[in-house]
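What TrEMBL records for this protein:
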{"type": "DOMAIN", "residues": "15-489", "note": "domain 'Major facilitator superfamily (MFS) profile'"}
{"type": "TRANSMEM", "residues": "17-40", "note": "transmembrane segment"}
{"type": "TRANSMEM", "residues": "52-72", "note": "transmembrane segment"}
{"type": "TRANSMEM", "residues": "84-101", "note": "transmembrane segment"}
{"type": "TRANSMEM", "residues": "113-133", "note": "transmembrane segment"}
{"type": "TRANSMEM", "residues": "154-171", "note": "transmembrane segment"}
{"type": "TRANSMEM", "residues": "191-209", "note": "transmembrane segment"}
{"type": "TRANSMEM", "residues": "245-264", "note": "transmembrane segment"}
{"type": "TRANSMEM", "residues": "284-305", "note": "transmembrane segment"}
{"type": "TRANSMEM", "residues": "317-336", "note": "transmembrane segment"}
{"type": "TRANSMEM", "residues": "401-423", "note": "transmembrane segment"}
{"type": "TRANSMEM", "residues": "435-459", "note": "transmembrane segment"}
{"type": "TRANSMEM", "residues": "465-485", "note": "transmembrane segment"}
Amino acid sequence: DVVETHEHYKSRWRSIWIMYLTMFLSSVGFSIVIMSVWPYLQKIDPTADASFLGWIIASYSIGQMVASPLFGLWSNYRPRREPLVISTAISVAANCLYAYVHVPHSHNKYYMLTARALVGFGAGNVAVVRSYIAGATSLTERTSAMANTSACQAVGFILGPVFQTCFTLIGEEGVTWKFLCLQLNMYTTPVLFGALLGVINIILIFAIFREHRVDDMGRQCKSINSDGEGNAVLDQNTEGSVDHVAVVALNILFFVILFVFAVFETIATPLTMDMYSWTRKEAVFYNGIILSVIGIESVIVFMVVKTLSKKTGERAILHAGLLIVLVGFFILLPWGKKLPNIQWQEIKNNSIPRTAPTEMLMPFWSLQEMQLPSNHTAEPVGCPVTQSWCLNTPMIYLAQYISSDVLIGLGYPVCNVMSYTLYSKVLGPKPQGVYMGWLTASGSGARILGPVFVSQIYTHLGPRWAFSLICGVVVASLLLLEIVYKRLIAFSVRYGRMQE
């Protein structure tokens, strides 16, 4: 056994902190535009509809799903600096491409789709980050380190919308640099800022990051990624097979967790625009504030979970987190009688939003035939009549929406960190790059299907169907957790090397 020196300990944790930063930047790359994708898409390409929005959001996760196993495999056999630098450089280039999607004269929506897919491909380095942290921490350090990793991810989700909210002050027009064909506005400035952060991350990886590995008991091992002679040291600690039933179950549970949160993120802007007659700018601004507050809540939860898990164990906390998410989506179901306002461009019933007092006195069939004055430039707001459910589905009150946000913001981070922690412990001391790649790909698959699912179901059937189906999925995941509950134990505990 090699005793860890003080210098090794300091270098190991400096490298872990660089991984925290990489995780933070990966989540910023996703969240910094999530609230503005829909209005920006409408601006650059009027042919894009809400269904295509689902594919735009999902393209990030398609890229990440493809890249995660590849980067994970790469990190199992080569120095992790290589996949980390290459993946971050891809994200930087993709963010720059996103800033120029307004330039082409046609098919702009497909350029945006490509840019987001490449940003997601670069975010495949999450598998490398998780596998490194799993290998560079002892079993007693693992929950705390995974919680910190998820907290950094949550901070990225907080600051992404905050950055976007701040950049709304620039406005939709902003400043144009003709010699670069670049518009600096509320849609492009955030991604250029994200590209700058990516460059800083690459510099720090070269300057500070070093390969380190310790076993479950915290004893220093040689890293297979930097010294091939470390194989013999590692093989002594890897006797025994991984419980693949537990691995598959955790992949499924993680899929569900990411699926429901992706639905929640994707639907926020269209839902609030439909239900509360918010303009594009209002929806981006208010949802940015709401998600920022939820992000702060999530960071607090991560800090509490680190302490709470020592008393109750990870499995019980995961169970509680899923229950909270279930209650959050149940509250989001339409319960009242009041219908949402219908866009004034397409009045089909008696709900007449934001009209002048004199117009309010006119019968609605006269309003249908009324032409707007030539100088009228107001953005149409309300629930579009092309969504037929708008005519008979009760609106979701703002109090419901906020309450649901709070509960989902509480349950999601609990589920996220516990599933990652349990997964890394079940896998044990073996190199986890490929396994972490599959888990990340599972989450990415959820982020693909979640936006597509909700954009299709919400557009055609409405919120009642969409959120009822989500509740059913969460109930099924709770049943699965009950079935595999006793199998979700650490590798070293399973083979009697450590006490639970």
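Cβ coordinates are placed from backbone N, Cα and C, and glycine is handled just like the others.
Quick caveat, the model's predicted, so the values are computed rather than measured.
Taking residue pairs at least 6 apart in sequence, the transmembrane segment (284-305) and the transmembrane segment (84-101) share fewer than three C-beta contacts under 8 angstroms.
The transmembrane segment (317-336) makes contact with the transmembrane segment (245-264): 3 or more of their CB pairs lie within 8 A, with pairs spaced 6 or more apart in sequence.
Nonlocal intrachain contacts for the transmembrane segment (284-305), taken as residues 6+ away from its ends with a CB within less than 8 angstroms of a stretch CB, comprise 31, 35-36, 39, 147-148, 150-151, 154-155, 157-159, 161-162, 164-165, 168, 186, 265, 268-269, 272, 278, 317, 402, 405-406, 408-410, 412-414, 417-418. Within the same chain, residues 15-16, 19, 22-23, 26, 29-30, 37, 55-57, 59-72, 74-76, 80, 83-84, 87-95, 97-98, 101, 145-146, 149, 198, 420, 424, 431-433, 435-437, 439-441, 444 sit at least 6 positions outside the transmembrane segment (113-133) and bring their C-beta atoms closer than 8 Å to a C-beta of that stretch. Looking at the domain 'Major facilitator superfamily (MFS) profile' (15-489) alone, the prediction's average pLDDT is 79.
Under the criterion of 3 or more C-beta pairs below 8 Å, with sequence separation of 6 or more, the transmembrane segment (435-459) and the transmembrane segment (245-264) qualify as touching.
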